[in-house]
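**Student:** This is the structure, below, for whatever I ask next.
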Amino acid sequence: MITMDQIVREGHPVLRQVAQPVNLPLTVEDKNTLQSMLEFLKNSQDPDIAEKYDLRPGVGLAAPQIGVAKRLFAVHTTDENGKEYSLGIANPKVVSHSVEQNELENGEGCLSVDREIEGVVPRHSRLTVKGFDQNGDPITLRLRGYIAIVFQHELDHLDGIMFYDRIEGLSDAQKRPLPGFAL
Ligand SMILES: CC(C)(C)[C@H](NC(=O)Nc1cc(F)cc(F)c1)C(=O)N(CC(=O)NO)CC1CCCC1
Ligand SMILES: [Zn+2]
C-alpha cells in the first residue's frame, strides 16, 4: 500500500517533468498504479487507517507524486452536490473550458508540499476532460466547482506544474522549497 514515504516531495525533479502518455489498452502495471493511488486516497480518508499509517487526507494523487512519470491520476471525493468522484484516469486532457475562472478562497495545498503557501490559485471554473478509465474505456467528464479544481490541480502535476506556480505575485524565493526541506 502507498504510505506518505512513497509520496515524492517538492524539490524532486519528477515533479517538474512532463509525464508520458500511457499505452492503451492499459498494462497490468498501469492498472495497478491507478488502483494503488485510489486505494491511498480512500485509506487517507478513513480516520482509523489514516491514523494508523499517519496518512495526510488526500482527495487527488497524480502518478508523478509517487515517482511514476506517466499521465495517470486518481481522485476520490464528493462535490458540493454530494456527487461522488472515485476514479483513476489515464491520458486525461482538457477538451474545453470556460473563460470564467474560479478559485478556492483559502488557496491550495499539495500532498507533495510540506509547507503552507498563501495565495489563491486561479482555475477554470468549468471544464470538459476526456481520458480513459481503469478498464481503458474512453470517458468524458464535464466538471465544475470543487471537483473541477481538483482535476486541474492533478492535471497540472502531469505537466510539472505546482499549484503555487499559478499564485499571482509570489516571489521566486517563495516558489523554491527551502534546501533543508527538499529531502
Ligand atoms: C494537500 C491536501 C491538503 C491534503 C489536499 N486536501 C484537501 O485540499 N482537502 C481535503 C482532503 C481530504 F481528503 C478530505 C477533505 F475533507 C479535504 C489534497 O488532497 N490535495 C491533493 C493533491 O495534493 N494532489 O496532488 C490538494 C488539493 C488542492 C486543490 C485540489 C486538491
Ligand atoms: Zn498536488
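Note: Cβ is positioned from N, Cα and C throughout, glycine not excepted.
So TrEMBL lists these for the protein:
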type	residues	note
ACT_SITE	Glu154	active site
BINDING	Cys110, His153, His157	Fe cation binding site
**Student:** Return the count of C-beta atoms lying within 10 angstroms of the C-beta of Cys110 (Fe cation binding site), excluding that atom itself.
**Tutor:** 23
**Student:** Where Glu154 (active site) and Cys110 (Fe cation binding site) are concerned, what is their Cα separation in Å, rounded?
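**Tutor:** Roughly 10 Å, rounded to the nearest whole number.
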**Student:** Using all protein chains in view, find how many other C-beta atoms are within 10 Å of the C-beta of His157 (Fe cation binding site).
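**Tutor:** The Cβ of His157 (Fe cation binding site) has 25 Cβ neighbours within 10 Å.
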**Student:** For the recorded Fe cation site formed by Cys110, His153, His157, which further same-chain residues have Cβ atoms within 8 Å of the site's Cβ center?
**Tutor:** Gly60, Ala62, Gln65, Glu108, Leu111, Ser112, Glu154, Asp156, Met162, Phe163
**Student:** According to DSSP, folded down to helix, strand and coil, what is Cys110 (Fe cation binding site)?
**Tutor:** strand
**Student:** Determine the Cβ neighbour count for His153 (Fe cation binding site): the number of other Cβ atoms within 10 Å of its Cβ.
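**Tutor:** Neighbour count, Cβ to Cβ under the 10 Å cut-off: 24.
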**Student:** Is it possible to get the count of other C-beta atoms within 10 angstroms of the C-beta of Glu154 (active site)?
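**Tutor:** Its Cβ shell of radius 10 Å holds 22 other Cβ atoms.
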